[in-house]
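Residues or ranges marked as domain 'EamA' by TrEMBL: 5-126, 150-280. Annotated transmembrane segment per TrEMBL: 33-51, 58-79, 85-107, 176-195, 207-230, 242-258, 265-280, in sequence order.
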Amino acid sequence: MTTLALIGRIILLGLERIIVKKLGKDNSSIEVTILFFGIGAICLLPFLTGIEVKNLNFLLKALISSTIYSVTFVLYVKALSEGDISLVTPVASFNVLFLFLLSVIFLDERLTLIKSLGIILIFYGSSYLKPGANLFQSIKAVLKEKPCQYMLISSLLLAIGRVIDKASSKDVSALLYSFVIYSFITLILLVYIFVKKRWNNLIRLFLAKPGIAIISGGINAFSYLFLLIALKGIEVSVAEPLTLLSTLLAVILGKYIFKEKIQQRFIAAVIIMVGAWLLLL
């Protein structure tokens, strides 16, 4: 069951990028994010039966985290909608680098030789995303791409949110905490479109792409449920590195579904993934 759950999570995370891109094409990333998390929260709801709530002290920190995630995933959706899957998906792995650096600064994580090598590999791998005359020119070319900028900022904000989550989710069920996060993100963005009088855009998007919208929310919910199942049999230190294989799947799917040219980008994804693995050791 553990192996199947982990495989399911890898496949769903790979598919997530494809579905989000299809849903986000020619649509506002805010409305897409509302559907992505709103439907995801509804999918999680049946699994909350019987979960004991000891206290509600976590709600304030969850709200802060959700506020950060609201911006995080709007940028994530925007990056996937506007950029090539094979270009922006490897950039999302920078989340591991940012999370490690924040842990070094705030959580007394040690910078070892292996982890230093991981950082070098992440930057070196990035140079293959848009090859140039040298390493610095290549990385500069990547940074000039708007979708890559969106994904980098999203990855940094995601890492900040994860640090907050680590402190605030200790005494609450992981499933309940995720449901609260999903719900808060949805509510925050709903308030925004209500103030901006953009309700019609949300309704129009759902009516235009109901199937893709429901699938996106389902993937969002069940990829997390599969992680919880997998963690019953293996440690997080094993599950998270293996989950990065979804990056390679997304890059390959980008080639066959969107006809992207992935030769150099696949190499980039592999090198970045290995670098991220070293940071997670």
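Glycine residues also receive a Cβ, built from the backbone N, Cα and C atoms like all the rest.
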For this session: Answer yes if the transmembrane segment (85-107) and the transmembrane segment (242-258) have at least three CB pairs under 8 Å among residue pairs 6 or more apart in sequence, and no otherwise.
Result: yes
Problem set entry | Considering the transmembrane segment (33-51), which listed stretch of 58-79, 176-195, 242-258, 265-280 counts the most C-beta pairs under 8 Å | 176-195
For this session: Please work out which recorded stretch in 58-79, 207-230, 242-258 has the most C-beta pairs separated by under 8 angstroms from the transmembrane segment (176-195)?
Result: 58-79
For this session: Tell me the residue counts in helix, strand and coil for the domain 'EamA' (5-126), as DSSP assigns them.
Result: 99 helix, 0 strand, 23 coil
For this session: Note the mean pLDDT of the domain 'EamA' (150-280), expressed as a whole number.
Result: 90
Seminar exercise, completed: Summed over the domain 'EamA' (150-280), the DSSP helix, strand and coil counts are 112 helix, 0 strand, 19 coil
